[in-house]
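Here the structure comes first, spelled out in structure tokens, and everything after it is commentary.
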Amino acid sequence: MGEISQETVEKYLEANPQFAKEYFNRKLQVEVPSGGAQAPASASFPGRTLAEEAALYLELLEVLLEEAGSVELAAHRALQRLAQLLQADRCSMFLCRARNGTPEVASKLLDVTPTSKFEDNLVVPDREAVFPLDVGIVGWVAHTKKTFNVPDVKKNSHFSDFMDKQTGYVTRNLLATPIVMGKEVLAVFMAVNKVDASEFSKQDEEVFSKYLSFVSIILKLHHTNYLYNIESRRSQILMWSANKVFEELTDVERQFHKALYTVRTYLNCERYSIGLLDMTKEKEFYDEWPVKLGEVEPYKGPKTPDGREVIFYKIIDYILHGKEEIKVIPTPPMDHWTLISGLPTYVAENGFICNMLNAPADEYFTFQKGPVDETGWVIKNVLSLPIVNKKEDIVGVATFYNRKDGKPFDEYDEHIAETLTQFLGWSLLNTDTYEKMNKLENRKDIAQEMLMNHTKATPDEIKSILKFKEKLNIDVIEDCEEKQLVTILKEDLPDPRTADLYEFRFRHLPITEHELIKCGLRLFFEINVVEKFKVPVEVLTRWMYTVRKGYRAVTYHNWRHGFNVGQTMFTLLMTGRLKKYYTDLEAFAMLAAAFCHDIDHRGTNNLYQMKSTSPLARLHGSSILERHHLEYSKTLLQDESLNIFQNLNKRQYETVIHLFEVAIIATDLALYFKKRTMFQKIVDACEKMETEEEAIKYVTIDPTKKEIIMAMMMTACDLSAITKPWEVQSQVALLVANEFWEQGDLERTVLQQQPIPMMDRNKKDELPKLQVGFIDFVCTFVYKEFSRFHKEITPMLNGLQNNRVEWKSLADEYDEKMKVIEEMKKQEEGNTTEKAVEDSGGGGDDKKSKTCLML
């Protein structure tokens, strides 16, 4: 045979890599040369050089790289080599995890020898040996996170012979070390029974530690990747469930179903089931009768922590293995495969998270040991947890079955499932809120219907004003033509000149409230809006009568006040000639808003609403009563039979509603001081203009200026009683004062607070002084500026000034009276003091003792 060249050998080895690998594995332990220079010896591997030690690590890295896809395979190859290097009889790997909040170790690779097969050493999930950390040396290693070299296990208090009894193997000594990542123990590696010695040496510990430091890289890499997948799944679950939860707000079942079905691919299980609990806490009285009569046994079954009977009214099964399927079972029977074990009921009763390994073997719960249905599917591992809402009531139970990779559910699965169920539970707040809103909306509709029934003008009340039956001999108003109704209504309305409707001095006291309704109707005809905007007179009559009924029978803010404000608005527009700045539609809206501005007033002011925390105060943050008057007015217009603006187009109607908002909110005196400077600037600008047309153009070209003037007009109308003739003003002022005193009485009795002087009945004699202050501080500016703006409005200022003279006279009389009383009081106090001095004996020496007698 010829000589083999180096080139031939290289070609053969390259062509047969498996042979080359096996050959070098066998020849790895080379003999130390006997002569010549020796290579440096390894401290960790006796009998090997540093080069050979490096070759071992290189081989390990190649193995780890080759088996990087499976942590079990990589660990198995490493344990095989360790068993050889340490001369250990066998090696094992235990994984560390946590379930139900309790850490534990579970066997993953057992009895690994240099020649054993991976399949024989791998422990499948349903055959794992699981220990808590307080059992066995492996548990103690995981607990302390330290390496332990135990020369004699019988002398170690932590040793447990459980595994020996199961396998018949006898453990004499062992070496165990943890793989730690941060504060978390990932696994425990163990070498058992030194073959050529009675115990593992210090050098064995070093070999074990160094070798496993490389293995730990793979474990940490896999664990990091696992944590990344966990967080990715968690974020996807939260994102998709949030997306679906906010898609569905009307029904909790549909909300749950949309969210749970969308995230099914991220739950990593074969099946999951959602049981929805009956939320009824108290039974109806008629359901309790049979129990009280003894005909039915009282309920003695499990109850939720808040006292509800555990009744699943619906179960939804999500089957993800094989053909995907969703089954909805209303009123499920107790022998349904999810309920028969008793686990969902237990979770609903106690609120615990239950993570069960090898569930069919559990003795407490009765899981089916065989297939649960025709698919042949078998329960292995179970994770069940409650769905809890923000009130901490258990609303359902979510149960997950069989992790797809065959492993039991771990603490990270618990975290993901808990995140999902917690989010679903909290999302119930949306549906609960939506349901409450619906109920409130329905109650509002019912209340509105009741309100309309009692407030809306009846047919007989309409007939009392619109006398179609008497004049047309027609029984049903629908049979009348609109022109006929207009004619008979206008005939029956008062003459505006005779009734002084164009005058600022108009007096309402001699006129009945019913006649005031007719006067109000007349004003709409006077501004020519009824025919122009095609307002049905029946609707106008019904609206005006309903507005009158909407005012409560309070002392001052009643229908008479409402009408007076409307009449003053009309007078400002027509007599005061402010109409030239506004269109007919705007004038129509302003007049209607003036009539409605205090509708449903309660006789108390905004401050009282806030102090008493009334529903109105909770509903409206500012301008409380004004916003209520506005909403009431808009509510009336929502009824077609009361909508006097029904024939306007959309844009016109929106304009009217906007003007209503500006006009009615402007009556809040708290806003008066904000707007009066702006109004004064408009007046100053108009006063400098030479022609009327120039002033009209200046105002009308800017909608904001028109709104400011309108807001100030509403204030002037609201305070107009202060400008009426003295005989009217003096009576009205007493009505206002009485209403204030009534509020003061409420503050004193209900709120237990001392009212301010203006509302204190005990200080009613100070009314003239308070009126003078009110005129000077609030009213004078309004009417002075309007008189400057339009000379036609000067009568209001004159009336105000005349009334101030009267009130000042009364205030001065009161001050004089109080001054006299004060002087008399001082004089009386002086006399009392002199008498006290005389009685004390200071007046002379002839005073005798009343207790001692000189004989």
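Glycine is treated like the rest: Cβ placed from N, Cα and C.
In the record from Swiss-Prot, residues His597, Asp598, Asp718 bind divalent metal cation 1; the candidate from His561, His620, His628 listed for the same site is His561. Residues His561, His597, Asp598, Asp718 make up the record's divalent metal cation 1 site, and a Cβ search at 8 Å around their centroid adds His557, Gly562, Asn564, Val565, Ala594, His601, Thr667, Cys717 from the same chain.
Binding of 3',5'-cyclic GMP is attributed in the record to Ser92, Ser116, Asp164, Lys165, Gln166, Thr167, Thr171, and the widest Cα separation among these residues amounts to 22 Å. Taking the binding-site residues Ser92, Gln166, Thr167, Thr171 in turn, the residue surrounded by the fewest other Cβ atoms inside 10 Å of its Cβ turns out to be Gln166. Of all the recorded positions listed here (Lys165, His557, His561, His597), the one with the fewest other CB atoms within 10 A of its own CB is Lys165. Among the binding-site residues listed here, namely Ser92, Ser116, Lys165, Gln166, Thr167, Ser92 has its C-alpha nearest to that of His561 (divalent metal cation 1 binding site).
For the binding-site residues Lys165, Gln166, Asp598, a Cα-Cα cutoff of 10 angstroms around His557 (active site, proton donor) retains Asp598. Between the CA atoms of Asp598 (divalent metal cation 1 binding site) and Thr167 (3',5'-cyclic GMP binding site) there is a gap of 92 Å. Long-range Cβ proximity for Ser116 (3',5'-cyclic GMP binding site), meaning a same-chain Cβ under 8 A and a gap of 6 or more residues, is found for Gln80, Arg90. Asp718 (divalent metal cation 1 binding site) counts 23 other C-beta atoms within 10 Å of its own C-beta, drawing on all protein chains shown. Neighbour counts of Cβ atoms within 10 Å were taken for the binding-site residues Asp164, Asp598; the minimum is at Asp164.
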